Amino acid sequence: MAIGSALSSRSFASPFSSGKLHEMRYWTVPQNKCVCSYVPGGRFGRHIAGHDYSRSTSMERLEMPGQFQQPMLGSPRDCFTRTFDNESIKRRVFSRVECFLSSSDPINGGWLKPRKWENFLTSSLESACVQPEYNRLPIRTRAECKPEQFETTGSPLSPSDVPPEAVLIGDTRSEISPWWQQFPKRWTIVLLCFFSFLLCNMDRVNMSIAVLPMSSEFSWNPATVGLIQSSFFWGYLLTQILGGIWADRFGGKIVLGFGVVWWSIATVLTPLAAKIGLPCLLIMRAFMGIGEGVAMPAMNNILSKWIPVSERSRSLALVYSGMYLGSVTGLAFSPLLISKFGWPSVFYAFGSLGSIWFALWQSNAHSSPDDDPKLSKAERRHIQGGNALKEPVTSIPWRLILSKAPVWALIISHFCHNWGTFILLTWMPTYYNQVLKFNLTESGLLCVLPWLTMAVFANIGGWIADTLVQKGISVTNVRKIMQSIGFLGPALFLTLLSKVRTPAMAVLCMACSQGSDAFSQSGLYSNHQDIGPRYAGVLLGLSNTAGVLAGVFGTAATGYILQKGSWDSVFKVAVALYIVGTVVWNVFSTGEKVLE
């Protein structure tokens, strides 16, 4: 079997040259022709052998005295021609070079044990060729040489002796990189975004626990506590759209890094602000909202450039599950820190983690693949799919954006989705306590269950969505399927919640409602990058502003409904909005790009 020609090299130390490196070079040439040459350094001579690399896995052992000429490459029978001049032999030292040739098995991933060739001896003015024992094995070849303290004189092998068909195949000494260097760079970005969202919700929910001892220390009434909790949203609403504009113009790395540093500093300074006075604390909480407000638009911008559409759902699901796990972590560790070190320790501990994240972010993240000099060509091609990234946005085409029906489908659906989600997450402890008659400790523990359920089902939904896309189902249909589950699932379980009579079934319905709600991460939360990847930050800022307003108005409206009606009325309003969102989404949304 004829094969292409190859040239490679390997270095080794010579005993005569005080550790100098010598090279073992070999060439493969078409159909049963090969030259194996030991290139000398110092006083070493040369040995040339020919055989078929394409099928041989044997060991060659050559022992020859004296001086010999270059081989004449011809047929397999003429692969060696040696001429020894007995009269000119000056045997100071007998020369021997041992070459071990072996082939790798690409299937089993190991080196096959070499097999011996027939030994041969050469005499004066004789030429011989020993045909190797062939075996049909892979082509990849490795050469190792063991020079010993013997000497042979011979004519040097010049580059012109290399067969013209020879092709350099690379350095056999190249080492395999460690696994952490082979880890895909795009998933490094995803993991860093995941941990930023983990810190985001840890720093957000710690106030809900710390506010209890703080109220006792500073004599705050319930109205003051409500004002402090709401002050976060003053800044959070302010930077939703601004964060998207900044991210699309300056890059997601800068904006997300700024947001984490900003809210981490605000978290650390919260105890000092509380001791100074209430106005100062309200300002500090609003500052914290400013930092966290840019997180989602900046994350959406950077992932729109790093993640191909076939991996979009699972990457976003993983990042958003960081928010859910951040709430679980904050609710779990805050009471422990407060009981042992006092309420200020929560803010100091959680806020300081931002500095560690920022150091990793600066050293490993880039706003786009084109900004990363260490990104491999293969991964760059996989991310971009043959399309070059466009220049950063310099101006936002607001009229064009607001004229698109899919954009309004995003805004309306986000509002409908967050109305029910915020009601469940905000009023759940009250429902457990007043309706199911759980005590406060049980209510607190059960509040963690929906967050865990959402974290698990968000990632399941992400993998399902990407699998459907890879199987050829259109992105539009995948987004509609996943968001329909995210709407109709909670609507179904909230309807059942008003009919159950046991606490266990009520908790189960609540958990299932939140679990199916998490499929929205592969629906509307992934759609911003589908319809306008260049403006993904602005689009998320627009829709999330509507989502935050739904949370604010929905929470207030729930309190008003409970004064006049019952929990059944609360759930009916949420179910009605879920159905409205389902209709709007399936009629007007798309998975195709509508903004260039």
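Cβ from N, Cα, C; glycine included.
Because TrEMBL annotations are produced automatically, they should be read as predictions rather than curated entries.
As annotated by TrEMBL, transmembrane segment applies to 187-207 (among others).
The domain 'Major facilitator superfamily (MFS) profile' feature in TrEMBL is assigned to 189-593.
If one looks beyond the transmembrane segment (227-247) by at least 6 residues along the same chain, the residues whose Cβ comes under 8 Å of a Cβ in the stretch are 204, 207-208, 211, 220, 254-256, 259, 278, 281-282, 285-298, 300-302, 396, 535-542, 544-545, 548-549, 552. If you look up TrEMBL, you'll see 227-247 (among others) marked as transmembrane segment.
Long-range contacts of the transmembrane segment (254-276) within the same chain, counting only residues at least 6 positions beyond its ends with a Cβ under 8 Å from a Cβ of the stretch, are 193, 196, 199-200, 203, 206-207, 214, 218, 243, 246-247, 283-285, 287-288, 290-295, 297-299, 301-302, 343-344, 347-348, 350-355, 357-358, 361-362, 365, 367, 537. According to TrEMBL, the transmembrane segment annotation covers 254-276 (among others).
The annotation transmembrane segment is assigned in TrEMBL to 282-303 (among others).
Feature annotation from TrEMBL assigns transmembrane segment to 315-335 (among others).
Per TrEMBL, the feature transmembrane segment maps to 341-360 (among others).
The transmembrane segment annotation in TrEMBL covers 407-428 (among others). Distant neighbours of the transmembrane segment (407-428): 401, 443, 446-447, 450, 483, 486-487, 490, 494, 510, 513-514, 517, 520, 524, 527-528, 531-532, 539, 542-544, 546-551, 553-555, 558, 570, 573-575, 577-578, 580-581, 584-585, 587-589, 594; these residues of the same chain sit at least 6 beyond its ends, with a Cβ under 8 Å from one of its Cβ atoms.
Here TrEMBL flags 448-469 (among others) as transmembrane segment.
Marked as transmembrane segment by TrEMBL: 481-498 (among others). Here the transmembrane segment (481-498) has Cβ contacts under 8 Å with residues 313, 413, 416-417, 420, 424, 461, 464-465, 468, 506, 509-510, 512-520, 522-524, 567-568, 571, 574-575, 578-579, 581-582, 585-586, 589 of the same chain, all six or more residues outside its ends.
Positions annotated as transmembrane segment by TrEMBL: 535-562 (among others).
As annotated by TrEMBL, transmembrane segment applies to 569-588 (among others).
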**Study point:** Proximity of the transmembrane segment (187-207) to the transmembrane segment (315-335), 3+ C-beta pairs under 8 angstroms
**Key:** yes
Revision key, fill the gap. Checking 282-303, 315-335, 535-562, 569-588 against the transmembrane segment (448-469) for Cβ pairs under 8 Å, the most are found for 315-335
Check your understanding: If you count Cβ pairs under 8 Å, which stretch among 315-335, 535-562, 569-588 touches the transmembrane segment (282-303) the most?
Key -> 535-562
Point to revise | Other parts of the chain folded back onto the transmembrane segment (569-588), taken as Cβ under 8 Å at six or more residues beyond its ends | key: 405-406, 408-409, 412-413, 415-417, 419-420, 423, 427, 480, 483-484, 487-488, 490-491, 494-495, 497-498, 523-524, 554, 557-558, 561-562
